[in-house]
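Reading through the structure tokens given below for one structure.
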Amino acid sequence: MVSIATLFAHVPDGKEALIFDDGAERHVWLAAAVRDRPAGQSVLEALRRCLAARGPFTDDLPPDLRAKRDLIVGTPALREYSRKLWIAGEGPLAEAIAAESGRDPSDMTVRALARYVLEIPELAGVEPDPLAAMNAIFDLLESGWPESHEIT
């Protein structure tokens, strides 16, 4: 039997880390979504489709994964830890975007786009309709911020 103190000594990120893996697989499938997208599909559309099939954006999950997703979305400390895992993928995602766009991974616009995409699960995941919120964010990213002097 292992004591709680011993268990947490081997989990330096705290008890929240017990529910997650290390997040490395996210880096792989996000980069693959960009790199392996069909001809004619934009980087943003590939990332939209990739995210839409995961986490808070799909109900097509086995019951155990749905329960885990609901626990994460409903627990602020778990959501924050999840966000850290997402954000850790900025470098690999920026590299994939840069490779596909002919830019340098250190280009601020590439890094910003990667970061914006990686923030979507935290921003949209807690909305009443996470998929609609995610799509609204991707629509904004695809069209850019509208320049308007009118306040609506």
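Note: Cβ is positioned from N, Cα and C throughout, glycine not excepted.
In TrEMBL, annotation is done automatically, which means it is predicted and not curated.
According to TrEMBL, the protein has these features:
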type	residues	note
DOMAIN	42-118	domain 'MftR C-terminal'
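Applying DSSP to the domain 'MftR C-terminal' (42-118) sorts its residues as follows: 60 helix, 0 strand, 17 coil. Regional average pLDDT for the domain 'MftR C-terminal' (42-118) in the model is 91.
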